[in-house]
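Visitor: Sharing a structure here in C-alpha cells format.
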Amino acid sequence: MNNTLNQHYEEKVRPCIDLIDSLRSLGVEKDLALPAIAVIGDQSSGKSSVLEALSGVALPRGSGIVTRCPLELKMKRKREGEEWHGKISYQDHEEEIEDPSDVEKKIREAQDEMAGVGVGISDDLISLEIGSPDVPDLTLIDLPGIARVAVKGQPENIGEQIKRLIRKFIMKQETINLVVVPCNVDIATTEALQMAQEVDPEGERTLGILTKPDLVDKGTEETVVDIVHNEVIHLTKGYMIVKCRGQKEIMERVSLTEATEREKAFFKEHAHLSTLYDEGHATIPKLAEKLTLELVHHIEKSLPRLEEQIEAKLSETHAELERYGTGPPEDSAERIYFLIDKVTAFTQDAINLSTGEELKSGVRLNVFSTLRQEFGKWKLHLDRSGENFNQRIEGEVSNYEKTYRGRELPGFINYKTFEVMVKDQIKQLEEPAVKKLKEISDAVRKVFLLLAQSSFTGFPNLLKSAKTKIEAIKQVNESTAESMLRTQFKMEMIVYTQDSTYSHSLSERKREEEDDRPLPTPKIRSTIFSTDNHATLQEMMLHLKSYYRISSQRLADQIPMVIRYLVLQEFASQLQREMLQTLQEKDNIEQLLKEDFDIGSKRAALQNKLKRLMKARSYLVEF
C-alpha cells in the first residue's frame with residue numbers, strides 16, 4: 001500500500017503508535033484509558049471489508065455476528081522487501097502466524113476459546129499484530145457489529161450485550177470512534193452513528209466511513225457527496241468514502257492489491273464521486289493516511305493528560321499497598337520479628353488509646369470523646385434525679401414522719417426518716433450506674449476491635465486471637481467493675497460524711513434557700529414557726545438536700561473512675577499482657593501469620609499494578 005506520508009512524519013508516526021501499543025501490552029488499559037481508534041458499525045455495514053483492505057489479511061466474515069470479541073488490530077509498516085509477520089495473543093496465549101491466509105482461522109479459534117463455540121460474545125480482547133510493507137502504521141480496535149434481532153442459539157438480549165460492549169469503548173474520551181455506514185442506507189437511521197452521537201454529541205472524536213458506493217441508487221449520488229462534505233450530519237473529523245471487495249470479487253479471488261486498483265479506477269471515473277477522490281476523501285490508501293494522522297495527533301494531544309493520570313494512579317496504588325502492608329517475610333527468623341513488631345505495635349496503640357495519646361499506626365480512633373459524653377450524661381442523670389428528689393421531698397417527708405416517728409417531742413428531726421429517704425434515693429441510682437457501665441464497656445470493646453481489625457488486616461488467625469482476648473477481657477473486667485460499683489452503692493447505704501463537709505453543705509443549702517425564698521411578714525413568720533410540724537419539715541428538707549448533694553458528688557466522680565480504670569485502663573494493660581504472651585507460644589507462630597488469601601492476592605495484584613505503572617512512566621519519560 002503506497003503511503004503518502006513524508007519521511008519526516010513517518011519517523012514520528014511509528015514511535016507514537018508503538019508507545020501506546022507498548023502501554024496496552026503492559027496492561028495499563030486496566031488502570032486508565034489509552035488513545036485508540038474503535039471501529040463500529042451495524043451488521044453488514046462493510047466493517048470487516050474495510051479492516052481487511054487496511055490490514056491486507058482476510059478476517060472472519062459472513063452473516064450474523066462475526067466479530068465476537070474486541071479485536072485489537074496492530075499494523076506495523078515494514079520496509080520494502082521485508083517479510084510479512086503475524087502474531088495473535090489473548091489471555092495467556094501467544095502464537096506466531098507464518099502465513100497471512102491463517103489469520104482468519106486463528107481469530108475464529110481465539111473467539112471460540114474466549115466466547116465459546118457458537119454465537120456468544122466476550123469483553124476480552126484479542127490482539128492481532130501484522131507487520132508488512134503493505135500496511136499503514138496504525139492500531140484499530142474492531143468491535144462486534146450491532147445486531148437488531150437475536151438468531152438461533154443467541155440470547156434474547158444479544159443486541160443489548162453488544163451495545164454495552166461497544167459503549168464501554170466508545171464512551172472513553174481517549175477513543176476516536178470510526179463509524180462505518182453503507183451508502184445505500186439512510187445515514188440518520190444507522191444505530192452505530194446514533195450510539196456515537198450519544199457519547200460524542202459534537203462529533204469531535206467521530207469519523208464517518210461510507211462503504212458500498214457501488215450500491216447507491218441512481219439519483220441519490222449527490223446526497224452521498226453532501227454527506228462526505230459534512231453537510232448532512234456534521235462531524236468535526238469529517239467523512240471518508242471507500243469501496244472494498246464485494247462478495248462476488250471474493251468468490252473470484254480478486255486480491256486486495258487488485259481491489260485497491262479497481263477502487264481507485266471506480267472513484268476516478270465516477271460521474272458524481274470523482275470530486276471526492278480529487279479532494280482526498282476517497283479510497284482505502286487515503287483512509288489509511290487520514291487514520292494514521294488522526295491517531296498520531298490524538299496520541300500527542302493525550303500524552304500530557306496520560307502522564308498526569310499515571311502519576312495519580314501511582315500515588316493511589318502506593319497508598320493502597322501501604323494499607324495492605326508488606327506481608328510476612330519468607331525467612332523463619334524474620335517471620336518471628338515480623339510478628340513481634342505487629343503485635344507490639346497493636347498493644348502499644350491499645351495503651352495509647354487508653355491514655356488518650358495519638359496512635360502510632362495513624363488510625364483515627366478516640367475513645368475519650370465517647371467517655372466524656374457518657375460521663376457527662378451520668379452527671380446530668382444525677383442532677384435531674386436530685387431535682388426530682390427535691391420536688392417530692394415535702395410529700396414524702398410527711399408520709400415517712402407518720403410511718404417512722406416514735407417518742408420524739410414535736411420539733412425534733414426524725415433521723416430514721418432522714419436515713420430511709422436518703423437510702424431510697426441513692427438506691428435508685430444503682431441500676432442506671434450499672435447500665436452506664438455496660439454501655440461504656442460495649443463502646444470500648446468496639447474501639448479495641450476496630451483497632452485489632454486495622455492492625456491485623458489480612459491475618460485472620462491473628463485477628464481472631466486478638467478478638468477472642470478482647471471479648472474475654474471485656475467480660476471479666478465488666479463483671480469486676482459491676483461488682484465494684486455495687487459495692488460502692490452498698491457503702492453509700494452507710495449514711496456518712498465528714499462533719500465539716502456536712503456542715504459546709506448544710507450552710508450552703510440554707511443560704512440558697514433563704515436567697516430563693518422571699519422574706520415573710522411578721523404575721524406569716526410567727527405562723528410558720530408556731531407550727532412544729534412545718535418547722536420539722538423545712539429542716540428535714542434542708543438536711544436531705546444537703547446530704548444528697550454530697551452523695552451525688554461522690555458518685556459523679558467515683559462511678560466514672562471505676563469504669564475508666566477497669567473498663568479502659570486495666571483492659572488495655574491486660575490485653576497487652578495477653579497478646580505479648582502469645583509470642584511465647586512458638587508452635588502457633590506459623591498459624592498466626594497465615595495470611596488471608598484475598599489479601600495476599602490483592603497485594604500481589606497491587607504490586608503488579610505498581611510495576612506496570614512504573615514501567616509505563618518510564619516509557620513516557622523515554623519517549
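Cβ coordinates come from backbone N, Cα and C, glycine included.
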Visitor: Pick from 131-134, 211-214, 355-358: which range does Swiss-Prot record as region 'G4 motif'?
Guide: 211-214
Visitor: Which is it, of 83-86, 243-246, 403-406, 479-482, that Swiss-Prot names as region 'G5 motif'?
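Guide: Spelled out, Swiss-Prot records region 'G5 motif' over residues 243-246, not the other listed ranges.
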Visitor: Report the member of L143, I146 (the binding-site residues) whose C-beta atom has the most other C-beta atoms within 10 angstroms.
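Guide: The residue with the densest Cβ neighbourhood is L143.
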Visitor: Given the binding-site residues G41, P213, which one is most crowded in terms of C-beta atoms within 10 angstroms?
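Guide: Comparing the binding-site residues G41, P213, the most crowded Cβ belongs to G41.
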Visitor: What count of other C-beta atoms do you get within 10 angstroms of the C-beta of K47 (GTP binding site), across all chains shown?
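Guide: Around the Cβ of K47 (GTP binding site), 31 other Cβ atoms lie within 10 Å.
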Visitor: Count the Cβ atoms, other than its own, that fall within 10 Å of the Cβ of S44 (GTP binding site), considering every protein chain shown.
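Guide: Excluding its own Cβ, the number within 10 Å is 16.
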Visitor: Where does the mean pLDDT land for the region 'G4 motif' (211-214)?
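Guide: Summarising the region 'G4 motif' (211-214) by its mean pLDDT gives 93.
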